[in-house]
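Below is one structure, written out as structure tokens; comments come after it.
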Amino acid sequence: MLQQSSKPQKEKKRVLSTSSGLLSKSTLSSHLSDNELMCFFNMEKHSSNAREYSHRIFVNRSLHLENIKFYGFDMDYTLAEYKSPAYERLGFALAVERLVAMGYPTQILQFEYDPSFPVRGLWFDSLYGTLLKVDSYGNILVCVQGFEFLKHSQVYELYPNKFLQLDESRVYVLNTLFNLPETYLLACLINYFTSSPNYSREKTGVCSGDLLMSFNSIFQDVRNAVDWIHVHGDLKERTIQNISDYVTKDPRLPMFLARIRDSGAKVFLLTNSDYRFTNMIMTYLFDYPHGASETEPHRDWQTYFDIVVVDARKPLFFSEGTILRRVDTKTGALKMGTHIGPLLKGQVYSGGSCDIFTKLIGAKGKDVLYVGDHIFGDILKSKKIRGWRTFLVVPELVQELHVWTDKCQLFANLQNFDIALGNMYKNLDSSTNEKPDISKLRMAMRDVTHKMDLSYGMMGSLFRSGSRQTFFSSQVTRYADLYAATFLNLIYYPFCYMFRAPAMLMPHESTVAHEHEQRLSKEDTSSSTTKTTEPAPAELQNNADENTNTFSTQIPSTVTHTHDEDCSDEEDHTTEGAPANNV
């Protein structure tokens, strides 16, 4: 197991020391406010304990790896990392060729994929042909039609409240890495038709003589073209023919999967890809002269998995599913009838449903950790419907973290502007008649937000626009227990590791300093509704035990606040009759 490298002890002393020696917490307390003191020790804790950021796994909900009995993996963009932007360029070019075959003008063959434009998580509004970057509530942060970034007034013409409801009949969420070429292709086509002198621009499409092309019809054509190249076209064949150009190999993969099984957990592969494509990709990923270590002989990729399921058809797999069948690994054909179990190591299965699958492997919801890249197909449905623990792979985190650390001053500037804005209103109340001039400050805030966004690409960060988090960000927070740039970051953690979610503060908690001079007076405290519980005297507790028909609540003798739900299956080690403060 790779071990975490910690900072030298002398560095820690240097940070906490003065010329007279180490500073104690009491000494620091005389110089710092409670809030500053808490921040100081939190920074010191994180600086000494946190792994290198490229090795980190980020936590939304606490998870104890010791409780995980099954590790499940998707293949595409998870076990098999496709090289970007080479793979997106291939998908883009094939989709354009398909559109020309469907009757689109040959001029679009001149389109070239630009990786700096698209970002995952955008909404496409098929009514107005716009790509929208929205926050978790549907408020529009960025609006693009073709290659034109619409101004404030233009956005209000289309969306009077700068808001759009997530309506599946109108809005398509471009959530996956496979959607990146599609995102840019939609922008290219709408830009081509709306700027062409041969077409007149309408609010919901373009016209040329008796031809009407709505933005919705363009969207449907692009969707059909993209689906076609994945199912019937040459995308998979071209990938296999030039596999080293499009798929990344990592020699740590066999070693890591073997370590999972050595820890006592089981490993399964659950992919939407067919067996032929899966076998070729996985054979390439495990094509090393050695096995799990350099001293072991090479072995087939299937030996690293306890169960292999192809053609899963997620997210359908997590609801009604399909028929579960065995695959003839020699021919790739499906065997007749429905497989009713058991699921055997060395066999390959097709389809099925989560209900059947979990029963056959003897799994409960929370003892399965499923790793995938698709926020909807892999993560949202497995979490929302089946209660699996979830690990989202976000390859963009490599770039996101690089920009976040390199351009951190921009975010600090934005926070300073927020403070300055608050100070301008600080001494004003409802009797004030004069309005402060905040125009320059607002302009500076917009300028910094623009610079921050462009640091990530034309459409900005995957997770935010300025200080506002995106819809994609909210989905990650809600449905992914863990997330990282690659699942291989699990190598840097022991299988007994307890992932702890950071404290989530409400605005009234994060913006109010814990300073003595700002605490409520005794009069305010006495009139508040805050309740504090004092331990009952021993004689009263004894009387309560004798008289079971009491008219007041009793202090619990054990811990009741089990917010770390992942530990809920652990045995209760409290001794009967033990005092509560010993728990």
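Using the three backbone atoms N, Cα and C, a Cβ is placed for every residue, glycine included.
Residues or ranges marked as active site, nucleophile in TrEMBL: ASP74. DSSP assigns ASP74 (active site, nucleophile) to coil in the three-state reduction, placing it in neither a helix nor a strand.
Annotated active site, proton donor per TrEMBL: ASP76, in sequence order. If you draw a 10 Å sphere around the CB of ASP76 (active site, proton donor), it holds 22 other CB atoms from the protein chains shown.
Feature annotation from TrEMBL assigns Mg(2+) binding site to ASP74, ASP373. In the three-state DSSP scheme, ASP373 (Mg(2+) binding site) is classed as coil.
Per TrEMBL, GMP binding site is recorded for ASP76.
The feature compositional bias 'Basic and acidic residues' is assigned by TrEMBL to 514-525.
The annotation compositional bias 'Polar residues' is assigned in TrEMBL to 540-560.
Summarising the annotation, TrEMBL assigns region 'Disordered' to 514-583.
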Checklist line | Same-chain residues at least 6 apart in sequence whose Cβ lies under 8 Å from ASP373 (Mg(2+) binding site) | finding: ASP74, ASP76, TYR77, THR78, THR176, LEU177, LEU392, VAL393, VAL394, PRO395
